[in-house]
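Peer 1: As annotated in TrEMBL:
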type: REGION; residues: 1-23; note: region 'Disordered'
type: COMPBIAS; residues: 1-10; note: compositional bias 'Basic and acidic residues'
type: BINDING; residues: 80, 103, 104, 136, 137, 156, 234, 235, 236; note: S-adenosyl-L-methionine binding site
type: ACT_SITE; residues: 159; note: active site
type: REPEAT; residues: 660-701; note: repeat 'WD'
type: REPEAT; residues: 783-824; note: repeat 'WD'
type: COILED; residues: 1136-1174; note: coiled coil
type: COILED; residues: 1207-1234; note: coiled coil
type: REGION; residues: 1617-1685; note: region 'Disordered'
type: COMPBIAS; residues: 1618-1656; note: compositional bias 'Low complexity'
type: COMPBIAS; residues: 1665-1685; note: compositional bias 'Low complexity'
């Protein structure tokens, strides 16, 4: 049993060992290449969050989950991992990194997976960081990884896809590189290697062209373990190594872009917040910092440089600012804590920065990595070198660094900075009074020159082979001593006529620009106005000069004798004046600034008074892509001279701001607010600026006559207080301006501030403090008590007290409402510079007490508190600052940091309780003048004397919880701005104007589009006809080709038959020759055999005799041989030595010959490869050209191939026979070539030389003949050119004429539309008046019926009274309006009762109503008369214009007839009059109809008024029957009886009497008269409607006729244009110009049947009937206005 169990255990171990055995590669083989563009079926995650990484790395994820850590992420990706060699090796070399292999082939992926599983089992705990996934990386790589996740990305031995059509399948593409850059974090590496040279060059070119990748040097790759595995860790690499093949390796680093820089800044701020500490980031870090400002030094000093196309470098304070204008991102590179920056340089090729600093003991140069801002090297000069460096520069390849030392030694030092080795040094300035300001390397790698310029200095040095500097002679050294301010190397050496050598451009203080080449001054340019040259910058097309009078002058290469000429000058706007800043803003908004610029929009208010002097252009920098030139001015502006869109390089469009303009001098005021994220500053440059510290932009700039001494901002951010020399001004912060709302007589207010609540503000005037109410500007109190000037103010949180400190050593706490001092502390001799306070200090003071911090000139910081209640202020803490503190900012409740600004340019943060320990941040070399803190104490602002505003993030770990809670309780920042009503109205008007312009442009565009469509349709028809003709010609050519092919086939068959016959004859001849040769060889063999037997017998006899003689000779020779042997041995030794020497010499010769042969072979291979490539390209081109023909002849070729099949057998036999013949021929030819090769070569060369000489002579003769012929042709062509130029001028005039006509047509269309709208308005007015007329008629009819009824009761007084009352109530009393509506019946009764007061009221109301109606009628009539006069004036103007037009057309016809040029012919305004105008006749007709309609309406209104007046008079006599009867009779005779018309005119009085008597016949007559009048009015209305419809139809017909005449005019003008373009001869053969213009003597005259007579008819009221049209069969010309147009 035991042996059996042992065997079972042994078998189990063997089985387990078999289980962990690695998979066999042979079982997973498949095709090496796969098409990545095909669609394959495999699972793909939707996003990186959907990837199941636990299945790939289970053990690592389990460990992370157990430890409570975040799960690990993939760091390395091996794309196209193959059989997983590199994936496994990377997992071994980097056990702490996760490696993922990615493969498209399914079997290979399965093999790698099995291999990793086996390795994990064989090596427990290892290879847990390796895995593989099947995917298509070209499509789904971003589905697996997040942005910036990967640190290494591998593409090893990728598929080459040799065919050009398959290059799109290659894994390295321009578009795919963007994805790889997205997945790689900044600093990550991308590895490629291949054994195909073409693919290697492809990958290199694509990576070099991408802006986010830079090449990694070989020195760095030597220390990279992953780079060593590229060849050794892959199966393909091992195969190439075994075969001795060559590989091409390229490794590139992912560099940071604008978005990465922004993310890095945010990440740095977050890191600083996590760490906490006393203040913001430490010195040298850019986290959470921003700076508004730029340093400006003397001319020549380099202050501006481009690191790449999107990053600009300039100094600001103590730091270098790396600014990206497009992304609006800054990074700050701070210098040493005690050092002062003196110069800097950038190397875009290696992304390096060099910063020269002057320390307390010696100067240093620090080289930084521009990507990470980490130090690479620190270069220290020799002990005897200069104390500071005034200029530094990198070489083109970034390996060398040159630095120019300052006084007194002026030593130029050359470093190999990577090794920190001083290569060479030389003294550049030898004479006293001279200086050096700039040094630079010559661009390029061929010739290394170093240039140095300065005051009286201009030197050139060449770098020798032994790393020495040799001075070169220059012509500038011989010139009289000049102040050279700056220089630059021209990018084109031959631009200055230097014959390919380097050229230098140098600027001087005298305004000269010198071009130096080959040591000589080739050209001297002098600037205008004697301005000095401040800066220079060279680009690929020329150079740009910055002057001291604020000009940028662009020079470019000239093809004449002078190499450079002034192309254009650009004035630099002033950053402080309103006009200049507005100009800069306009430039930013112009279309030319579409270039990438993210400069914020700055609203600039107009300056008061005269502007300052123009700024100096201190420094220039050329963008690496020649897309523009950045400049820094003396007033701290960053501008860019941009290239116009679509223009060539060197053609600049204008200046654009790269960012907001900074302060050009000391910042004298600084303030923040609560409700808005803004900070306000006042500067010595006489400007007030408002900055948005969240958006990093400037919101507002306003310039004044004088600088402001102090500044305060209201907590709301909408009020600003500024103290000037003459007054204290309170201003409103508008959206684009600062508007002064109150001026207070406080002079030279050195300090001012608002209270915390904003209801008060205080200002310092000498030793007094004034307190005012904010909203009334009333003076509350004047605080007096200081004996010296007040230097500090601080309001308590409840605004109840104000603390002041002065130079007299006194600190007072004032109760504002009472105007008295609450507490004080006086110590004479302590001159205070700043004061700040806080409630509830850390020293133990009560909550109501205030702790006061004061700083004095004795460089101490003190804390003043009450030791006991009511004891007054006393010093409880004192700290030695070591420097003068200029500003103090204390925290609010809960704060633990006290901020202090010093005169050495640093900001300190003291922890509370107050201790000597502090954290300092260096802002600049100038003193910090102002300090401010936001209300939430998260952002600190520091303003310096050099015009820089620094923004620092504050991170206090102890108060973080309190501040977080307080931030959550606060309100978000306000986004509202103040805008004046006038600005809103102006913008609305501007919008209305723009809308009108848009409508006009839209109409013009529609018309132009219609014309273009017509032209395009015509062109399409022409192209269609042309295509049809070409198709017919192609068909004919095809048929001809078919015929040629049949002929060629017959000829080929005949030739083939003849070749077969010749081949058969040759075979027979060769067979007979071979048989004869074989017989001859057999006979020769037999003869040789017989001679051999005879020689054998003779040899045997001779051998016996020779053997005997030989024995004797052996004995004799043995003795002599022994003697000679010793001699030979000695000689052999010497020969052996000679042999060794000869062998070494032969080996050396053989080695050299092999090298020469290898070199020649490589050169031949390269030459043949290039020729092969050229031939291949030519073949591809020819293949493309023959593709179409091949497709057409495919069917014919198939038939030919069947015939050729039978010929191939014969061809094979023929080739065999030819092979035998060629073998024999080659034997003979080889011998002949060996003998005559050289002779033939020499003869050929001599022959070629003679032929070339002969050809040269022939060409010289031919050249002479051609030159003579060209001269004659030019003499013949000159007159023709003049004629052509004349004709072109005429054609251009006619084209302009046609264009003007088209535009005039659009204007007339708009005028027609306006007249239609006015006509519609008149129609509406007619309809309203018609309705009023109908209403008046109805009312008249009612009144007439009422009067008739009253007359019936004339014999009955009571009934008559009742009828008159009823008539008054119905008609006369209703006219009183709204005032008498409710009292109509009572007024009638009162009138009937004889009430004098009511009767007087009724009369007054009637009179008012009558006066109102009459005034309305008069207004309508006046408006009608004005419209008539306007129409008549328009008609007269139209007649005058048409007459003038006809006169000009006659002149035009006369000039065309005489062949004269069209000078002074039809121009813009006159052409506009050609177009037919809308006829005023129709408009006048409408007005006439309206007049006829208004006349009955006026008459009706008058009748109603008269009737109402008559009724009122009758009511007055209501008590007197006789008088009442007489009034009723009179009323009836005047109104009711008058309606009977013309038949009852003579019987008015009798009809009235008959009506009074109650006659029924008279009553019936009155009714009939009323009916007839109504019928007459209705008939008049119908006639008016019919006339109106007729006028509408006539207007439409006239409009159609106008359009037709315009079309005819345009056609005739084009005809005249064609006749004019044909020249004098063409004009003579055509019709006369008068006929071409459609004119004749009768129609062209405005006095006969033309404009005057016809228009006169229209003015008289005619409607322009068709009878007035011209009698000609064709349409009337638009030049005749006889149709009433």
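The backbone N, Cα and C atoms fix where each Cβ goes, glycine too.
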Peer 1: Could you tally the C-beta atoms, other than its own, that fall within 10 angstroms of the C-beta of residue 137 (S-adenosyl-L-methionine binding site)?
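Peer 2: Here the count is 22.
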Peer 1: Out of 104, 159, 234, 236, which has the highest number of nearby Cβ atoms, where nearby means within 10 Å of its Cβ, if these are the recorded positions?
Peer 2: 234
Peer 1: Under a criterion of Cβ-Cβ distance under 8 Å and sequence separation of at least 6, what residues of the same chain contact residue 80 (S-adenosyl-L-methionine binding site)?
Peer 2: 102, 103, 104, 137, 155, 156, 157, 158, 159, 171
Peer 1: Would you mind giving the whole-number mean pLDDT across the coiled coil (1207-1234)?
Peer 2: 79
Peer 1: Rounded to a whole number, what is the top Cα to Cα distance in Å among the residues the record ties to S-adenosyl-L-methionine, namely 80, 103, 104, 136, 137, 156, 234, 235, 236?
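Peer 2: Farthest-apart Cα atoms in 80, 103, 104, 136, 137, 156, 234, 235, 236 are separated by 21 Å.
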Peer 1: What are the DSSP helix/strand/coil residue counts across the repeat 'WD' (660-701)?
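Peer 2: Secondary-structure composition of the repeat 'WD' (660-701): 0 helix, 23 strand, 19 coil.
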Peer 1: Please count the residues of the repeat 'WD' (783-824) that DSSP assigns to helix (H, G, I), strand (E, B) and coil.
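Peer 2: Its residues divide into 0 helix, 25 strand, 17 coil.
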